[in-house]
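First up is the structure itself, then whatever we jot down about it.
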Amino acid sequence: MFRKLLKMWILLRPTHWLILIALCAVTCAGYWLLWSEIRLEHAFKPLSKLGDSLSPDQHASSTTDDFDFEEHLVVLYNRVPKTGSTSFVNIAYDLCKPNKFHVLHINVTANMHVLSLPNQIQFVRNVSRWHEMKPALYHGHMAFLDFSKFQIAHKPIYINLVRKPLDRLVSYYYFLRFGDNYRPNLVRKKAGNKITFDECVVQKQPDCDPKNMWLQIPFFCGHAAECWEPGSSWALDQAKRNLVNEYFLVGVTEQMYEFVDLLERSLPRIFHGFREHYHNSNKSHLRVTSSKLPPSESTIKSIQKTKIWQMENDLYDFALAQFEFNKKKLMQPDNKHVQKFMYEKIRPK
């Protein structure tokens, strides 16, 4: 038997040998491809598990085609004290149920305006991932926090209000002594102190120190240490940059209705009905400081000579100019029709 097989191998022609070698090569290649596919399948299994474990925010960063802007809308109002913020926020509380959005107050320990590093991380995670609360309006007395530092795919929309710095300081001075009509029975920290603001300035007491005006600049500047150094030129420049680049809209207390109007036109998912409610309800001047006396001319001139007032007023004027610009661009040049835009010359047809 062996001799017959050997004889057959010897009698094979060269073409037969080539065919046999080719068949062997194809068979080996097939086995190698099958083995490689099995290895790849095992290698990709952990990756598929990793994909399944990705958070909603991580999925959102990889694909934004299915992102619903309206239903994921988050507005962050880091309200400066004594700028009329209570009046605005209470409209939100009145309309959150019919408009189907949530309002959340950010209450920081001891009324601190800057968050610790662990709390920054936790706050950013809460705002970004708390989908049950969206759409939402968060509000609280805290400095601007840059969400882009935390690799967040969809940052909240910042809004705020500013007020003439001396008016804000005078209002806060009397608020600490006499409170307001919002909670008239609450005893304030300086209750019983009857010294007027004018007298305080003459006596150079700490409660009317111009350094107390240094608040709107750091609120827009943010969480950097330099932001909270009274008189810092860097802080003022940073506050202006953030106001233009990071805030959707900054209004002024003296034009609250126009601020509400622009928000309702721009973000109706949350602010629908705010204009009418502000105009017709008693919420337009909800919190009025009691027993407030206007400062004298001499006091005003004295305060306006200080560097702090000049810098805070610089920011106020800057914000006012930007707000007036946004109001103006709402209308067409004839000032009678709302500005519109359209798409045209779309190719290919």
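Using the three backbone atoms N, Cα and C, a Cβ is placed for every residue, glycine included.
Features of the protein shown, as given by Swiss-Prot:
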ACT_SITE  His139  active site
ACT_SITE  His141  active site
DISULFID  Cys200-Cys208  disulfide bond
DISULFID  Cys221-Cys227  disulfide bond
CARBOHYD  Asn107  N-linked glycosylation site
CARBOHYD  Asn126  N-linked glycosylation site
CARBOHYD  Asn282  N-linked glycosylation site
TOPO_DOM  1-17  topological domain 'Cytoplasmic'
TOPO_DOM  39-349  topological domain 'Lumenal'
TRANSMEM  18-38  transmembrane segment
Subject >> Rounded Cα-Cα span from Cys227 (disulfide bond) to Cys208 (disulfide bond), Å >> reply: 21
Subject >> Cys227 (disulfide bond) and Asn107 (N-linked glycosylation site), distance between Cα atoms, whole Å >> reply: 21
Subject >> Intrachain C-beta neighbours of Cys227 (disulfide bond), sequence separation six or more, cut-off 8 angstroms >> reply: Ala143, Ile217, Pro218, Cys221, Ala235, Gln238, Ala239
Subject >> Among Asn107, Asn126, Asn282, the most crowded of the glycosylation sites [Cβ within 10 Å] >> reply: Asn126
Subject >> Neighbourhood of His139 (active site), C-beta criterion under 8 angstroms, separation at least six >> reply: Leu76, Tyr77, Asn78, Arg79, Ser85, Val89, Ala92, Val103, Leu104, His105, Ile106
Original post:
Taking the topological domain 'Lumenal' (39-349) alone, what is its mean pLDDT?
Top reply: 87
Original post:
Restricting the comparison to the recorded positions Asn126, His141, Asn282, which residue's C-alpha is spatially nearest the C-alpha of Cys200 (disulfide bond)?
Top reply: His141
**OP:** Based on DSSP, name the secondary structure state of Cys208 (disulfide bond): helix, strand or coil.
**Re:** helix
Original post:
Across all chains shown, how many C-beta atoms besides its own are within 10 angstroms of the C-beta of His141 (active site)?
Top reply: 18
